[in-house]
Amino acid sequence: MEQCYNRGCGQLFDPQTNNDESCRHHPGEPFFHDAYKGWSCCNKKSVDFTEFLNIKGCTLAKHSNVKPPEPEKPVKDESDKDEVIEVRAPIREALPRPPIDSPLTVIQPTVAPALKDMVFAVKTPAAQKSSDAIEVGTTCKNNGCTYSFTGNSSDFGECTYHPGVPIFHEGMKFWSCCQKRTSDFSQFMAQKGCTYGEHKWVKENDDKKVVQCRYDWHQTATNVVMAIYAKKYDYSQSVIELNPIRLHVNLVFPEQDNARFDLDLELRGIVNVSNASAHMYGTKVEIKLPKLEPGSWSNLNFPNKKLPVVKKSQVEEKKKQEESDEEFFDLDDIKAETSFRLSEMSMQSPNNLD
């Protein structure tokens, strides 16, 4: 008796009685996939190994005492064993750089309460100190205000005035800051101001002093954060302007005769202006510049570059364009028929005017 080596048979057979229908076996290969066990020659499969071994063969043939050849194992190629595969990140195409003279957008900062208290404490003594040099009867320099200096505490009260300029056009007289128009000069002069603020007893000096402030910056994956270290600056007069590649900061220091710190930078990268923000604290100004494209900045700005003159914001440009055809006048240069200056015109009780 000889052993049959056909897959799925495993019986002993007599070579003398061996014929074409003696052996029921599986001519295919066994396979194991996803917990299933089966044969490649038929569709029978099972998850149980015992059931898999008991699956009857699907083909009849003679018994064979020859072992079937083992399936060839794939030859392991070790020729690339020491090869180093370098994976590089895909190169992103850089965004086009906007023009440096693109319109600047004014960033409205969040002001800390401590800074507001500090500025108020600085401005109040300065106003009281300047009152010693103001003569009684001096008219407020704000347009539209007829209040005269009396030397009392009420001189530092609320002022109602026009921040704009007078315009005379096609027989109409009005202020650039509001929409009220009239053809009568007396009504124009008596028109109540549209803005509330403080009285101005002395004209501002155009010769501004310069202050040097230290600034620094750091960056994250999505933002560049800049800090300007300054104290006792007036948040209401200071300006932060930005376009995609340019930052302009102007800080005013009332305690130093309105000296200014002016910083104008061409930024190294491109920023998202709409998401930019600023915070004003008692010891610094912090500006957050969101990156418009991923990547690290090698520096904050391009040093030693001469930048074009700062443009006004789009709103100011539009307003300027609308008023470009109008005629502007300085009220101090206009004389009435009675030969007295309009800025000095007052009634018997000027402080009682509405």
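Keep in mind that glycine also has a Cβ here, set from the backbone N, Cα and C atoms.
Annotated Zn(2+) 1 binding site per Swiss-Prot: C4, C9, C23, H63, in sequence order, evidence recorded as sequence analysis. Swiss-Prot lists H26, C41, C42, C58 with the feature Zn(2+) 2 binding site. Taken from Swiss-Prot, the feature Zn(2+) 3 binding site covers C140, C145, C159, H199, and the record attributes it to sequence analysis. What Swiss-Prot lists as Zn(2+) 4 binding site is H162, C177, C178, C194. The feature domain 'CHORD 1' is assigned by Swiss-Prot to 4-63. If you look up Swiss-Prot, you'll see 140-199 marked as domain 'CHORD 2'. Feature annotation from Swiss-Prot assigns domain 'CS' to 210-301. Taken from Swiss-Prot, the feature phosphoserine applies to S324, S339, supported by experimental evidence.
Features recorded in Swiss-Prot, as mapped to the structure shown.
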residue	record	contacts (Cβ under 8 Å, 6+ apart)
H26	Zn(2+) 2 binding site	N6, R7, G8, W39, C41, C42, I55, G57, C58, T59
H63	Zn(2+) 1 binding site	E2, C4, N6, C9, Q11, F13, N18, S22, C23
C140	Zn(2+) 3 binding site	T146, Y147, S148, F149, C159, Y161, H199, K200, W201
C145	Zn(2+) 3 binding site	T139, C159, T160, Y161, G193, H199
C177	Zn(2+) 4 binding site	H162, P163, G164, C194, T195
C178	Zn(2+) 4 binding site	H162, G164, C194
Enter the number of other CB atoms within 10 angstroms of the CB of C58 (Zn(2+) 2 binding site). 16
For the Zn(2+) 2 site given as H26, C41, C42, C58, which other residues of the same chain have their Cβ within 8 Å of the site's Cβ centre? G8, P27, G28, W39, S40, K44, G57, T59
Cβ neighbour count (10 Å, all chains) around C194 (Zn(2+) 4 binding site) is 16
For C159 (Zn(2+) 3 binding site), name the DSSP secondary structure in the helix/strand/coil scheme. strand
Looking only at Cβ atoms, how many others are within 10 Å of the one on C41 (Zn(2+) 2 binding site)? 17
